[in-house]
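Pulled from Swiss-Prot, these are the features on record:
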type: REGION; residues: 135-211; note: region 'Disordered'
type: COMPBIAS; residues: 152-165; note: compositional bias 'Basic and acidic residues'
type: DNA_BIND; residues: 208-267; note: DNA-binding region
Amino acid sequence: MTEFDDCSHGASNMYLPGCAYYVSPSDFSTKPSFLSQSSSCQMTFPYSSNLPHVQPVREVAFREYGLERGKWQYRGSYAPYYSAEEVMHRDFLQPANRRTEMLFKTDPVCGHHGASPAASNFYGSVGRNGILPQGFDQFYEPAPAPPYQQHSEGEGDADKGELKPQHSACSKAPSGQEKKVTTASGAASPPGEAVAEKSNSSAVPQRSRKKRCPYTKYQIRELEREFFFNVYINKEKRLQLSRMLNLTDRQVKIWFQNRRMKEKKLNRDRLQYFTGNPLF
């Protein structure tokens with residue numbers, strides 16, 4: 001049982017807690033019989049029920065805005081043939097959880113505003129212009145957009161703006177260095193050599209890796225025979241093989257180096273195969 005339920009059963013002083021005004025008892029002349037029963041908890045307030053500067057809600061609404069009851073357009077869940085008193089009682093006889101939500105969350109009655117905005121928004125718990133006439137739409141203020149999003153977006157744009165000049169400066173620096181190197185090389189070399197280099201670079205494509213030259217069967221057989229007798233070949237024997245096999249001295253030397261590495265690997269594989277234990 002909420003605080004609003006305790007206080008709504010009072011007969012004389014209908015004071016809504018948290019609100020800035022009293023509700024006149026004349027507005028509740030047609031309340032049901034169970035609301036007129038004396039409540040078990042009588043709450044006495046030191047405030048006077050007759051405040052001269054606060055006027056009843058409906059009198060303010062009808063006098064200030066010049067709206068007649070017959071011109072109200074009902075667009076909510078209530079039919080137009082219901083009287084204003086029944087509509088008011090339907091709003092106040094809702095479940096407790098909805099009433100508390102209406103009073104403390106959605107309804108602007110309990111806000112600390114003046115009498116006119118509170119009076120204009122008294123029946124606005126269903127939704128925007130759900131029961132109220134169209135003349136009350138001007139008193140609904142749309143929720144302002146959160147300013148921190150704009151601020152964060154502005155900061156993000158500023159950060160991007162700061163990063164772009166840095167990136168452009170970094171990109172300009174290598175290009176400037178390359179220009180300096182090219183100018184220095186151009187100044188060091190005479191113009192004739194520069195023209196020759198340009199012509200050579202345009203005519204000759206980019207140098208690729210030299211193609212592999214496989215040995216013939218005869219060359220491999222003679223090299224294997226020599227490797228069988230001498231793993232490390234001396235210089236005289238290497239020159240003799242190079243003349244006989246029509247190879248260069250460097251080719252014979254590299255072949256023996258590769259053959260020794262291959263033999264070492266084969267010996268390790270044989271040992272691992274026979275022992276069954278890997279050797280590291």
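Note that Cβ sites are derived from N, Cα and C of the backbone, with glycine treated the same way.
Per-class residue totals from DSSP over the DNA-binding region (208-267), listed helix then strand then coil: 42 helix, 0 strand, 18 coil. On the 0 to 100 pLDDT scale, the DNA-binding region (208-267) averages 90 in this prediction.
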